[in-house]
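The active site feature in Swiss-Prot is assigned to Asp16, Glu75, Asp147; the stated evidence is sequence analysis. Per Swiss-Prot, the feature Mg(2+) 1 binding site maps to Asp16, Asp147; the stated evidence is sequence analysis. The Mg(2+) 2 binding site feature in Swiss-Prot is assigned to Glu75; the stated evidence is sequence analysis.
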Amino acid sequence: MKSASTVVATRILGLDPGLRITGFGVIDKLGNQLRYVASGCIRTRDGELPGRLKTLLDGVREVVAAYTPDQVAVEKVFVNVNPQSTLLLGQARGAVICGAVSCDLPVHEYTALQVKQAVVGYGKAAKEQVQHMVQRLLALDGCPSPDAADALACAICHAHGGQGTAGAFAGRRRAGRILVAPDPG
């Protein structure tokens, strides 16, 4: 009879904030291995900004309740040519971060360059390259949607020890989850 060894897995929720569509991706990190758990999008309807921000906040809380992550990785805002778009994206990002922090999760931030470098090996990679590498790294049958792929890429970046900023947005740390795996010996 083989004995079982205990492996501690860390569940990471990656978020790619957007006012219309916020991508989410959930992975488990077991040692050096990554395992896909889930991904999808939180969509807001056209309408008043406060209602859309509430949809994002509630959506993140629902994802956290469904998948119980230990940590959260969020892509930082890039400065757009259009200042109004940048402000709206910043507000959406704030709602997403508040959703995670209100669930007592530590939030780590990464630039798009850091995420692409960690996943593709090139900081200026195209979205299609990110999608393809996410599919390969997580052994997915098909390519995830661009928003979900970006969120999964953010989670992968964090899992690979990306140098995100956890300072001001850190909630209380959660312990990893315990999984039992058969002893290979």
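Cβ atoms are placed via backbone N, Cα and C, with glycine included.
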Out of Asp16, Asp147, the listed active-site residues, fewest other Cβ atoms within 10 Å surround the Cβ of Asp147
Around the Cβ of Glu75 (active site), other Cβ atoms within 10 Å, all chains included, total 25
Tell me the Cα distance separating Asp16 (active site) from Glu75 (active site), rounded to the nearest angstrom. 6
Translate the DSSP assignment of Glu75 (active site) into the three-state scheme. strand
Where Asp16 (active site) sits in the secondary structure, as DSSP reduces it to three classes: strand
